[in-house]
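Residues or ranges marked as carbamoyl phosphate binding site in Swiss-Prot: ARG59, THR60, ARG109, HIS139, GLN142, ALA265, PRO266. Marked as L-aspartate binding site by Swiss-Prot on the basis of sequence analysis: LYS87, ARG172, ARG224.
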Amino acid sequence: MSVVNNRVALTNLVSMEALTTEEVLGLINRGSEYKAGKVVISDHQKDLVANLFFENSTRTHKSFEVAEKKLGLTVLDFNADASAVNKGESLYDTVLTMSALGTDICVIRHPEDDYYKELVESPTITASIVNGGDGSGQHPSQCLLDLLTIYEEFGHFEGLKIAIAGDLTHSRVAKSNMQILKRLGAELYFYGPEEWYSEAFNAYGTYIAIDQIIKELDVLMLLRVQHERHDGHQSFSKEGYHQAFGLTQERYQQLKDSAIIMHPAPVNRDVEIADSLVEAPKARIVSQMANGVFVRMAIIEAILNGRNKNS
């Protein structure tokens with residue numbers, strides 16, 4: 001792995017922990033350069049990429065596809081429901097097949113935590129792996145677009161007061177962000193239902209009631225309540241959660257003028273955030289979506305750089 005003039009070279013991208021700080025900042029800056037139209041795009045038509053999504057996705061799946069097409073890659077169609085997965089084929093054998101067919105990059109989302117370990121350790125699979133989200137584990141590309149959004153606003157991370165709020169235990173976004181934001185010098189706070197909080201998070205920040213910290217925050221990062229990962233016995237109604245933990249109009253008014261609101265989406269309106277605030281002046285939710293394309297262009301480019309370096 002290396003970085004020269006924001007041009008990062010990676011073999012795979014599976015977690016934020018695997019990246020150096022230099023690589024993280026290089027990917028953010030490269031995404032910013034793509035956004036500003038400062039990059040001359042090479043011809044990548046000979047490079048093949050497959051987006052293997054085994055969980056539903058709109059933003060991650062489609063922004064990777066847009067990024068790949070903007071870079072000129074050949075994007076292979078893959079529909080899990082119409083593939084041999086329905087005949088019992090394993091993820092490993094699916095990726096082994098795609099690699100054997102000459103696929104250079106597999107972008108994968110899968111419900112199993114750490115699914116990627118056997119893929120990147122395989123002596124036979126030559127395709128590079130980009131983690132588009134693994135269960136409740138990691139979501140590196142979402143984290144990088146979040147970092148770009150914060151950096152665009154403040155120009156730094158050191159000393160920023162950032163609260164990550166909501167369904168912390170089940171959120172791969174929270175885990176990726178807390179790891180790297182702590183490393184970059186941000187001051188982290190967590191809030192949400194106690195049963196959705198792990199003591200392991202104490203290594204990164206402080207668990208606190210939202211109303212104790214909201215006036216001091218620079219960034220409020222809301223998380224989706226992940227109903228699909230719960231057992232159906234959570235004790236909160238939609239209205240009850242919103243009043244106890246959500247961003248209500250009253251809490252919005254207490255934020256600093258310079259504060260920003262973030263959410264990885266999809267948004268449960270009137271649960272994590274009041275419906276009227278999704279596109280409010282302090283909200284950067286749409287900006288996050290847009291930044292996803294440029295960061296993912298930087299990621300795909302970095303993987304191609306790594307493959308060319310190692311070939």
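Using the three backbone atoms N, Cα and C, a Cβ is placed for every residue, glycine included.
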> If you skip the near sequence neighbours and keep only those at least six away, which residues in the chain come within under 8 angstroms of LYS87 (L-aspartate binding site), Cβ to Cβ?
Replying inline: none
>> Taking DSSP as the reference, which of helix, strand or coil describes ARG172 (L-aspartate binding site)?
In response: helix
>> So if I measure Cβ to Cβ from ARG59 (carbamoyl phosphate binding site) and keep only same-chain residues at least 6 apart in sequence, which ones fall under 8 Å?
In response: PRO264, ALA265, PRO266, MET289, GLY292
> Near ARG109 (carbamoyl phosphate binding site), how many other Cβ atoms are within 10 Å of its Cβ?
Replying inline: 24
>> What is the set of residues, excluding ARG59, THR60, ARG109, HIS139, GLN142, ALA265, PRO266, whose C-beta falls within 8 angstroms of the centroid of the C-beta atoms at the carbamoyl phosphate site?
In response: SER57, THR58, GLY132, GLY133, VAL173, PRO264
> Can you tell which of the binding-site residues THR60, ARG109, HIS139, GLN142 lies nearest to ARG172 (L-aspartate binding site) in space, using Cα positions?
Replying inline: HIS139
> For GLN142 (carbamoyl phosphate binding site), which DSSP three-state class applies?
Replying inline: helix
> How big is the gap, in Å, between the Cα of GLN142 (carbamoyl phosphate binding site) and that of ARG224 (L-aspartate binding site), rounded to a whole number?
Replying inline: 13
>> What does the structure give for the C-alpha distance between ARG109 (carbamoyl phosphate binding site) and ARG224 (L-aspartate binding site)? Integer Å is fine.
In response: 17
>> Check the DSSP secondary structure of PRO266 (carbamoyl phosphate binding site), expressed as helix, strand or coil.
In response: coil
> Least buried of the binding-site residues HIS139, ARG172, ARG224, going by other Cβ atoms within 10 Å?
Replying inline: ARG224
> Cα of THR60 (carbamoyl phosphate binding site) to Cα of ARG224 (L-aspartate binding site): how many Å, rounded?
Replying inline: 15
>> Through the lens of DSSP with three states only, how would you label ARG109 (carbamoyl phosphate binding site)?
In response: strand
> Max Cα-Cα distance in Å among LYS87, ARG172, ARG224, the residues listed as binding L-aspartate?
Replying inline: 33
